[in-house]
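**Student:** Below you'll find the structure I mean.
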């Protein structure tokens, strides 16, 4: 079976599956009882085609708009423009000078002419009653007024489906419809021949069973849909920095209004349509709207920013002009969302299993019906009544047909693919509590097979709470921390050196020091920038006065490929100065001068360079992150359009930043190792810093290899095949180094790879990996969008929790498959063999429907939603080529099937003699015993399925399976009266009290030893329920 599944259903991957693969498995699944239910959580391929057509149309429209705006720019400056725009009355009364439709047409159509008519960006700012410095006022009355005129930044969503929609979909099951027709015929024939109510029993029994199955199924599906709704809501929680009432603050993108001043940085998604106000080196990726992969430079000449695009480089302030469904992205998003997520590999495989079993079941159903009808004909032939047919004969044939149809109901395991979704939905909701947000269903199950985790260092293995603890300024190494140490630095460093250091810290930064709405000073920016700005404040610097003294002309933001950031300043006295900072050895390599202890600029000779390199090595060996700060004076004639110099800098100093290892990381790495998962650190830091942190975390062992990105790049394919299995640390890596490592691990070594990432440039590696893990705190929106799972607390221990949940999902589905296949095999063989050998079926249509409900819904609830345990992380991972239905599962399925069949067959052939049954009701009583025995076989089979390999299946039962309630529901359905017992046998939180050979009590209390059991309770724990 495994070979057949891999050959026909194995093309669908955890991510990036081809359209052909998605189409192929659908064609193979022709035997489906209820397509609406079976394919509910699969991709809607026709909708995707429709969405793609709309996207192409939009892309063409945008390309035309871009070309028109570019052409218009060449002629518009020399024209006298006149406005024919009339402000609507309600807009004017609200205090605004432009309506929402006019704003939308300007930005969406990139209409330069209209923008000029309204006074460019400054004119729009005034007409929206806002300001660049203060943003919009935040009084409730004014905000409500703005919402009324311009709308809110929310997109249209398909309405939530109510419970009765799921009931209607459950009724679409073809086999249930056929059974409903059988029930109707049975009612008509029965009432006609036997009268009311005796003739209605069989028909009403089938109707009641159908309704019970439908409502239990609909309830399960409805609750599942609510879980997905909650998860979708969590995925959409995105915050953005804005200025309101003069203060910087974070708000949800859904609270944005036209007039808001938004602060965008590299990696952000543009949250609404708007106009560029100010900024540096802004490059926007508009491929989601225009289809063009080339980034667009946005500046005062081309100020249009569109919702749904991504900031690829630079930073800027944006004026929000259009929100919600008035934006083109809002209109497009409504169509795109209808396509749904790709189905997961397990879903597809189980659809394959369901198809195979369904075909076998259909064959058995047809043969069973034929044998039963042939038996009836033979009996009538022997009796000589084959020419006379009564209503009872018609009812018997109808019952045979109902049994055949019900065999198909039981045999087509519709619940198998849905059990995957149920288990994933349960796991995803629980993982939210464990600080992991799963964006794609498949990631949850794929993580259970992970064999390698490539983790960032900063913020994942470390706390991301950075502070400068050491500094080498003007050649002098100083400790930083207490006020005494800081005052020592200020007194010993020459004034000229201190001034240039503070100018570098406060100007060459992606962070900011602002006052929040509570009036408190707040440092904004990445942890590295925050640490440097705090260091500057400790040295007595003033951020605002330093920024006002110099004029920033150009900014080259930090880039993980270049590992540096630079800024060009226009000095008050004339001239320009470039400040540069970044990876210590890279910045030091472009310096040819240094500031000495007297504040004098001297040539960087070999001795000075060796001293600085030794300082970097010393800081790195203490697990400190090192940064080098440098500057360069530039002549007046330098053009801001020219690239900033790459050499000839003067070294100001080196700082060592402490970022402690997170508590529990070493233990988590040890858990991964015992689980067969290799943890590799991939970082942009100095190799000595990386090695020190890796040893502290337990990642780097004596056999492991640590390598630098530039060295890794130069290796041949043959060398890489030898190095990568032992590679544990990669330092000074670029995003492409990480991408190449992931690619080699997946393709060459066939590893299942999970990768963490936080930056915009990590997107290719996140996309290439089997599971992309983005950081929720430090990660950019671009990285989160490319990821499969978002680690909300940026903690490595959470990644281990995700792996544990992934394994739990995989093993739970295996348990359910084992349970369901056993029931399928036994139900088919019992009915078929009985029909062939005795001429009748021991299990009626109503009984089989009841069993089907146990399997499809309650069985899935009990087995597919078991929480993970620590034992899961002591097994080796399944990997890329593991068999889903293992040899152990086949052993259990065949063993249980033989055992159950033996019991049922014994009861059917020897039951009357064994129980001393006689009289007219003996057949009815025997069939009742057979049915109850069959049901209890399934209940205890389900309990046995909790552990596929271990003998003790009751371990920790109170915290998992029996606490679920679904097993209790099944057992309590067959309770009977009993009297007290005087013996209790205890076994691992599970006690068994005997009273008579035919009665016993089950208790799930937390106690040991022997206790009295009476009719009311178990005296050991005062808990329990009983069966007889």
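Placed from the backbone N, Cα and C atoms, the Cβ positions cover glycine too.
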**Student:** From 334-355, 356-377, 444-465, 466-487, which range did TrEMBL mark with transmembrane segment?
**Tutor:** 356-377
**Student:** Using TrEMBL as the reference, determine which range in 123-142, 143-162, 203-222 is annotated transmembrane segment.
**Tutor:** 203-222
**Student:** Can you say which of 84-101, 102-119, 174-191 is given as transmembrane segment in TrEMBL?
**Tutor:** 174-191
**Student:** From 25-55, 242-272, 273-303, 397-427, which range did TrEMBL mark with transmembrane segment?
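**Tutor:** Range annotated as transmembrane segment by TrEMBL: 397-427.
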**Student:** For the domain 'Cation-transporting P-type ATPase N-terminal' (116-191), would you mind checking the mean pLDDT of the predicted model?
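**Tutor:** Averaged over the domain 'Cation-transporting P-type ATPase N-terminal' (116-191), per-residue pLDDT gives 82.
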